[in-house]
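Asks: Take this structure, written in structure tokens, and hold onto it; I'll ask about it next.
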Amino acid sequence: MLLAQSKSFSTFIRNCKQPKPNTSHYIQLEASKNSVSVLSRNNTQICNYSDFKADNQNEQTKKDSKPSPSIGPKVSFKLPRSGPLSPTGIALFGMSILSLYFYFTIEKQKIELKKSEALKQTTVVGNAKIGGRFELIDQNNNLVTDKNFLGKHFLVYFGFCNCPDICPDELDKIDASDETKDKIVPIFITCDPSRDTPEVIKSYLAEFNSKFVGLTGSFDQVKQVCKAYRVYFSKPPQVIEGQNYLVDHSIFSYLMDNNGSFVDVYGQDRTSQEMAESMKKLLTQ
């Protein structure tokens with residue numbers, strides 16, 4: 001190796017430019033790691049020798065050190081074992097939702113139970129100002145007033161024939177009582193007089209107790225009797241004729257004695273058995 005480099009350097013010296021014969025020159029050598037320069041007296045470079053092999057080796061080493069190109073993008077995916085989107089996190093979130101659901105369901109049941117107990121323990125002091133005069137038309141197109149029921153105990157419910165579920169349920173509770181079939185007159189007064197004609201009410205009540213008296217009238221007549229019994233009702237505004245709609249109304253049945261005086265009130269929370277017991281008390285007085 002050293003011999004080969006010496007021969008190469010000798011060839012380099014022979015190929016250097018010779019100084020002019022009539023000029024005196026000093027020949028100087030300036031060496032670096034991979035090159036040798038021959039300088040004249042006035043520092044003019046005559047020739048230069050570089051170890052191109054070493055340079056080439058360095059360049060080749062740099063090229064070899066470059067990473068090989070990859071084909072296509074390198075994609076990696078790792079499912080997290082912990083964190084908000086991990087299976088454990090999702091399970092904990094689901095358990096939290098279920099816990100909140102059961103908590104609020106139980107609390108709601110407790111509140112409803114307290115309301116029911118409070119209503120059962122409520123005692124009416126004095127005579128409540130519920131009931132009064134009215135003049136309406138029954139399902140057979142006969143004129144009926146409050147005087148028609150003097151001397152009779154009666155139970156009044158306010159609803160409408162297109163009611164999908166609440167009204168039928170309340171009428172079923174009234175229908176289930178033996179008292180309303182024999183000694184107490186069940187009365188249905190509509191809150192939707194524009195649709196509930198006598199014919200419509202007659203067809204509707206045919207599915208319940210045959211003792212039912214169905215009453216309707218003009219809007220003002222119905223409004224007056226609802227006011228007398230402290231019943232709220234509301235129809236959607238700007239209803240087009242023939243359009244289906246629901247009527248919002250109070251959901252109570254009022255037990256009245258044979259003088260037309262208020263005795264008891266039954267809401268949705270009162271069962272048919274509880275209603276029957278209340279009516280029996282009235283009949284035994």
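Heads up, the Cβ atoms here are built off N, Cα and C, so glycines get one too.
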Asks: Have a look at TrEMBL and say which candidate in C161, C167 forms the disulphide with C163.
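Replies: Looking through C161, C167, the record in TrEMBL gives C167 as the partner of C163.
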Asks: Identify, in sequence order, the residues in the chain of C163 (disulfide bond) that are 6 or more apart from it along the sequence and have a CB within less than 8 Å of its CB; answer 'none' if there are none.
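Replies: Correct list: L246, V247.
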Asks: Who are the long-range neighbours of the transmembrane segment (85-106) in its own chain, taking Cβ under 8 Å and residues 6 or more past its ends?
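Replies: Those are none; the list is empty.
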Asks: Other residues near the Cu cation site, CB within 8 A of the CB centroid of C163, C167, H249?
Replies: F158, G159, F160, I166, E170, C191, V247, I251
Asks: Return only the integer: C-alpha distance in Å from H249 (Cu cation binding site) to C167 (disulfide bond).
Replies: 10
